[in-house]
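Data block below; observations after.
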Amino acid sequence: MTTTSLGADAAHTHAMVPSAIPPEGSDAAGPDDTLMQQMQAACAQACRAIAPAWPLDRAIAVNPHWGRVDMPVRRVAARMAVLGGIQVFPTRRSQQQAWVAGRITPADLADALAQLPAARAAGLTEAKCVEALRRHELPPRLPLLIDVLDNDPQRHTRLSWRQAITHQVSQTCAAYFDVHQADWQPERADGLYGFWRDTLQHDHGIGLLMGLPDLGRRLDALPATPLDAEHWALNQLGLPQPVWADYLEAVLLTVNGWASWCAYLGWQAAQEGREDPHLRDLLAIRLAWGAIVQECRDDASTRMAFAALQAEWQQAPSALAEAEAALLVDEVWQLALEAGYQRQLAHRLAGAGALPPVPQDIEVQAAFCIDVRSEPLRRALECVWPAVQTIGFAGFFGLPVAYTPLGTAARRPQLPGLLAPTMEVSDRIDAAQGPDGMPDPAAERAAERARRHRLGASAQVDGASRWPSAAFSYVEVAGVGYLGKLWRWLRPSTEARSRADLTGLPSRYRAVCRPHLHAESVETKAALAARVLRAMGLAEHLAPLVLFVGHGSQTSNNAHAAALDCGACCGQTGEVNARSLALLLNEPPVRAALQAHGITVPEDTVFAAALHNTTTDEIEGFDLDRLPPAARARWDHLQSVLKHASDQVRRERAPSLGLDPRAPHDDLLTQLRRRANDGAQTRPEWGLAGNAAFVIAPRHRTQGVVLDGRSFLHDYDASRDHDGSVLELLMTAPMLVTHWINWQYHASMCDPVHLGSGNKLLHNVVGGSIGVFEGNGGDLRIGLSRQSLHDGQRWIHEPLRLTVLIDAPETAIERVVDKHPIVRQLVDNGWLHLWRFGPQDLQRYAAGQWRPLTSRHATC
């Protein structure tokens, strides 16, 4: 399609664009193949730009710009500003505050200018950068069709068309995708587009609300398929073909929340080897809405607005280029903010040992998740008892599994969202407690029946309270039973964390209900165990007690509770993975089979599982009845160590939660438990707020260093990784996961309106677990709430890009960067910083070369 030349008057421009909706079943000739291919390519390109958003019950952090990381950060910032009015870099107002407060120093600004060749080429100086902070506005956004149509003389007498369309599309999606909340489910046979079309044709009030009395008649002729709707709407616009994809991406950004949900459905489908049409359907719906409104308006103001739209989009390439140039100063300030943190980080790491300490007798090895909340506890534990060696590893512990709780049909992934499960874990009931407990099929069947009965009864009660015919009578009969709930709300308990996976299971079975990994053979189990132990660095020198410590949170009345659990376990706690792995490695046949893989597990080595409650910093052990006497004695001794270490961490965290760090141990724990069980508490913990670095190195590089709970820590010993395969795994899995986490926090803070979920107090859950509305409408909200980032007086998080530090040879790191395009994109396009531990100092990777840090940074 060639560029449409604009005529002098609007009427002529409007006449050039076909405006009649093709009737269904018409014999008109279709578009030529080339035009259709171009349209399909533009739609596909726009859809690829949308990152997925996981449901609430599997909430994991995602970089909302994931579909754009093949471009430099500043170019993405320009596109998001011009196409969606979205802020990518920290606001200039916040940077000005950091400058005035001294958080960003002149040295930081000079360092940022030195790092950015484009800034030097553009003649930017420190004075010019400071002057730019006085101008706070984003580059102007290009309008969409509905924007120019909405800006008519009668706009104050009716509902805003853009808001009305967003609301209608959002409510339609909420009804269509809901499978948990409504008792009466919609008809989905015709897909999302067909459902929307049918819903709109039966909504006789929306035309009056929008001031479009002719809307109903126009709707009768809507194209029957989403493909026809896309072609019709694009043809209606008459825009030049080179800007189609940009315009379509801008259209999707108006319903970015639902687009992200549809992208998640597409992500899941791709993992299963199939396609999902929902994102294309949503694009067709949003495109068609603009064309419908245009059809209903045919006056001078509409024609002038349409001509203005075409004129502005003719200039889209230059608008994007101008925005990219204007945002250069924002990139400088982003680097300056990061330079201050990086200087402090380098200085602290310089105090750690460059060489491993002299080996001593290790009583306990404890593998923790790499999560930033594990760092303070690991440091405290090593300080309290030097005979403990802590290890950092991804919290799913290398198990590519999905878990099915006993007596349920639920199946949930327990691994990073980047991966698909290839193995299964389910619960088993043992005949009795103790080291020699064997499976008891009869007890398992009885437990399943009892659980199904209890869960079924609970579902019936819930259902009775929702039906219109029973709602009032239910309150009369059962209302008094809610007095206990009301009391617990008014006076939150100080109970320890409850285990949701045991809901409905009779108490007599709980102690003997254990998750077990299913595998075809002992050899399959042994091969998996060998890979995990080698990746953890535990293929040799095993301690008598090896502990796998997953983590989970404890909150009440929190729609985003899963976001505080383990991201590596797909928004679940790490309990299932830790227990499954420990039980697997304690199986005698598996230990014997490990010999063939070159791993000898000493007879006195026992594996155990535990969970770190990140809200209260308590440690809970599992399957302790399976421990032999010697291992149980070590565990019992470890309890006093854990108590002291946990108390130290709680005192570190107390000021950020408004608590007194000098309070007695028991009082502080009680206060944290009460916060965790308080349904009105919007900030039970800070999650991963403050995250800024990822260290892939032996523990001695960070041991004893106070990293303030801001660093992900993954153990890695390059001397044992002869072929670089472990490093490759770490840079293509955990590094991507930490990048996703880092950018979700970054985006939610830089633009909380578009990329955050707003105010927790106004959240309403959509579809049971899909997401939330802020209030009762608008787009689906994605990202983090304001309360996850701000304490009411100040921001807890700083929007810094992740600094990744690796202790490995230059060539090994470069080999991974060169082999994997996604890693190359993240590094070269400025989505993260890549550093390494050099022989004498820290080195930064830039423009394909390793360069020592400036003299302003400390050496290691």
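Every residue gets a Cβ built from N, Cα and C, even glycine.
According to Swiss-Prot, the Zn(2+) binding site annotation covers C369, D371, H551, C566, on the basis of sequence analysis. Secondary structure at C566 (Zn(2+) binding site), as computed by DSSP, is strand.
Positions annotated as region 'Disordered' by Swiss-Prot: 1-32.
The Zn(2+) site is defined by C369, D371, H551, C566, and by the 8 Å test on Cβ atoms against their centroid, the other residues of the chain that qualify are F368, I370, R373, S374, G395, G550, G552, D565, G567, A568, C569, G574, H612, T614. In sequence order, F368, C369, D371, R373, S374, G395, D565, C566, T573, G574, L611, H612, N613, T614 make up the list of same-chain residues 6 or more apart from H551 (Zn(2+) binding site) whose Cβ falls under 8 Å from its Cβ. The Cβ of C369 (Zn(2+) binding site) has 29 neighbouring Cβ atoms from other residues within 10 Å, across all protein chains displayed. Here the Cβ of D371 (Zn(2+) binding site) has 28 other Cβ atoms within 10 Å, regardless of which shown protein chain they belong to. Residue environment of C566 (Zn(2+) binding site) contains 29 other Cβ atoms, counted within 10 Å of its Cβ in all protein chains.
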